[in-house]
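Reviewing the structure listed below.
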Amino acid sequence: MEQTLSIIKPDSVGKAHIGEIIAIFEKSGFRIAAMKMLHLSVKEAEGFYAVHKSRPFFQELVDFMISGPVVVMVLEGNNAVARNREIMGATNPQEAAPGTIRAQFGESIGINAVHGSDSLENAAIEINYFFSKVEIVNSAA
């Protein structure tokens, strides 16, 4: 059973789409192993997105991620990383397949509703960034 990190970004939290997005994950067969709402500090956002530090969009991304609360979740399921990315849709909501989260709730490449880990290795790093082992409820399977 794989785990992946999902973040419901400030735009979706602010527009009260949390429940709808969680329902999409659950109806897609994911189990939520951990979840919390928090307001990222500048330091937390910069640390989480440190891999993008040299990219031109870095500061805009940090500013957006600290603009309001986020919901951080550990999703668990078969092939979780790839399936989550499929359910989220393309980074650019205009290119996302109909029915995906970003097609439904995203506005632009920068304001695109959700974040999801892009690999198993990064999922482990990202999960550990936000959650301690005792906060994650593993399935009995």
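Heads up, residue numbers simply count up from 1 along the chain you see.
Each residue, glycine too, has its Cβ placed from N, Cα and C.
Predicted, not measured: the structure shown is a model, and the values here were computed from it.
Sequence annotations record features per position, and here Swiss-Prot assigns active site, pros-phosphohistidine intermediate to H115 based on sequence analysis. According to Swiss-Prot, the feature ATP binding site maps to K9, F57, R85, T91, R102, N112.
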Nearest-integer angstrom distance between the alpha carbons (Cα) of R102 (ATP binding site) and H115 (active site, pros-phosphohistidine intermediate): 10
Conformational class of F57 (ATP binding site) under the three-state DSSP mapping: coil
Neighbour tally for T91 (ATP binding site), based on other Cβ positions within 10 Å of its Cβ: 15
Rounded distance in angstrom between the Cα atoms of T91 (ATP binding site) and H115 (active site, pros-phosphohistidine intermediate): 9
H115 (active site, pros-phosphohistidine intermediate) versus R85 (ATP binding site) - Cα distance in angstrom: 9
Cβ packing number for H115 (active site, pros-phosphohistidine intermediate), 10 Å threshold: 21
For ATP, whose listed binding residues are K9, F57, R85, T91, R102, N112, the greatest C-alpha pairwise distance in Å: 21
Cα separation, K9 (ATP binding site) to H115 (active site, pros-phosphohistidine intermediate) (Å, whole number): 7
Sparsest-packed among the binding-site residues, when each Cβ's other Cβ atoms within 10 Å are tallied, from K9, R85, R102: R85
